[in-house]
Amino acid sequence: MAKGLLLTYALWAVGGPAGLHHLYLGRDSHALLWMLTLGGGGVGWLWEFWKLPSFVAQANRAQGQRQSSGRRTPPLSLIRFAAQMIVGIYFGLVALISFSFMANFYIVGLPLAIGLGVLLVAAVGNQTSDFKNTLGAAFLTSPLFYGRPIAILPISLAASITAQKHRRYKASFGSETLSVRLYRLGLAYLAFTGPLAYSALCNTAATLSYVAETLDSFLSWFSFFPLLGRLMESVLLLPYRVWRLLVGDPGFSSTYFQEWEKLYEFVRSFQDEKRQLAYQALGLSEGATNEEVHRRYRELVKIWHPDHNRHQTEEAQRHFLEIQAAYEVLSQPRKPRGSSR
């Protein structure tokens with residue numbers, strides 16, 4: 001049955017950010033992408049207004065038969081490449097918030113999440129890319145930036161370049177029933193949103209801390225690229241500005257600098273609290289010197305090393321990990337409050 005342009009526009013207007021029009025046209029990857037990003041933050045949804053006729057024409061041409069895998073390589077698209085980068089970073093941030101507490105997260109979880117985000121964009125429309133090579137590039141890049149949230153950027157870049165290098169048209173396949181397609185989309189949506197919802201609802205404090213730490217790392221990195229940094233600041237401030245527009249704040253001036261001050265202080269408050277907890281874990285007062293921190297760390301490691309506490313292994317392991325985490329926090333140089341502004 002041929003797809004109708006008027007119905008497509010109606011679905012785009014009613015449920016466009018949720019990908020209803022893409023589901024109608026059989027563009028399931030695009031539908032899932034819109035479900036997970038709310039229509040690309042609304043920007044992609046609005047931009048599609050002019051693209052819908054070509055989407056409908058493509059769906060009608062492909063009815064009953066997809067493009068042959070033997071066709072030539074699709075043309076290079078800078079827009080698709082940029083979208084792969086952005087969605088890869090987005091998936092990485094969500095994974096960092098939801099799974100960073102897991103062992104080997106930076107080796108397995110983070111590159112897997114970023115690679116899947118890049119592949120999702122690569123599979124939009126009539127194109128796709130090589131699954132193994134794209135994920136392989138992500139996994140090979142992750143050890144180079146182990147333990148640092150900024151790893152999201154180079155991993156996403158490597159996976160996006162690889163996905164573009166191995167881009168191809170989708171092979172032909174038979175049509176599937178709507179129920180099967182909805183089932184598959186539902187599972188993918190739950191796999192993405194389930195852990196994030198659990199972290200936000202059941203572990204709110206830790207989730208906010210992860211968000212603040214990641215944001216702080218990004219702001220520090222972008223300070224070397226002023227133009228890109230200002231663009232990133234505008235993106236980060238967008239939800240905050242929407243919130244202020246809805247709730248209002250008559251006692252607060254709407255200048256850009258003051259908005260940034262408030263957001264920055266909000267992030268820094270979590271970093272300060274994290275250092276305070278680290279001092280408490282080591283039994284030190286705030287403002288202890290680096291020598292005192294190092295000496296106290298060595299003492300506690302000897303006391304709580306699991307090999308020295310075989311009669312209470314679990315408790316020793318817990319204290320040992322807390323001591324290591326606290327020492328790692330205090331070992332990082334503390335930036336002045338005005339350094340990133």
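Backbone N, Cα and C define each Cβ position, glycine as well.
Copied from TrEMBL, the annotated features are:
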{"type": "DOMAIN", "residues": "277-341", "note": "domain 'J'"}
{"type": "TRANSMEM", "residues": "6-25", "note": "transmembrane segment"}
{"type": "TRANSMEM", "residues": "32-50", "note": "transmembrane segment"}
{"type": "TRANSMEM", "residues": "78-98", "note": "transmembrane segment"}
{"type": "TRANSMEM", "residues": "105-125", "note": "transmembrane segment"}
{"type": "TRANSMEM", "residues": "145-164", "note": "transmembrane segment"}
{"type": "TRANSMEM", "residues": "185-212", "note": "transmembrane segment"}
{"type": "TRANSMEM", "residues": "218-238", "note": "transmembrane segment"}
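Residues of the same chain lying 6 or more positions beyond the ends of the transmembrane segment (78-98) and with a Cβ under 8 Å from any Cβ of it are 33, 37, 40, 105, 109-110, 112-118, 120-122, 124, 127, 149, 152-153, 155-157, 159-161, 163-164, 192, 195-196, 198-200, 207, 210-211, 214.
DSSP states for the domain 'J' (277-341), grouped as helix (H, G, I), strand (E, B) and coil, give 46 helix, 0 strand, 19 coil.
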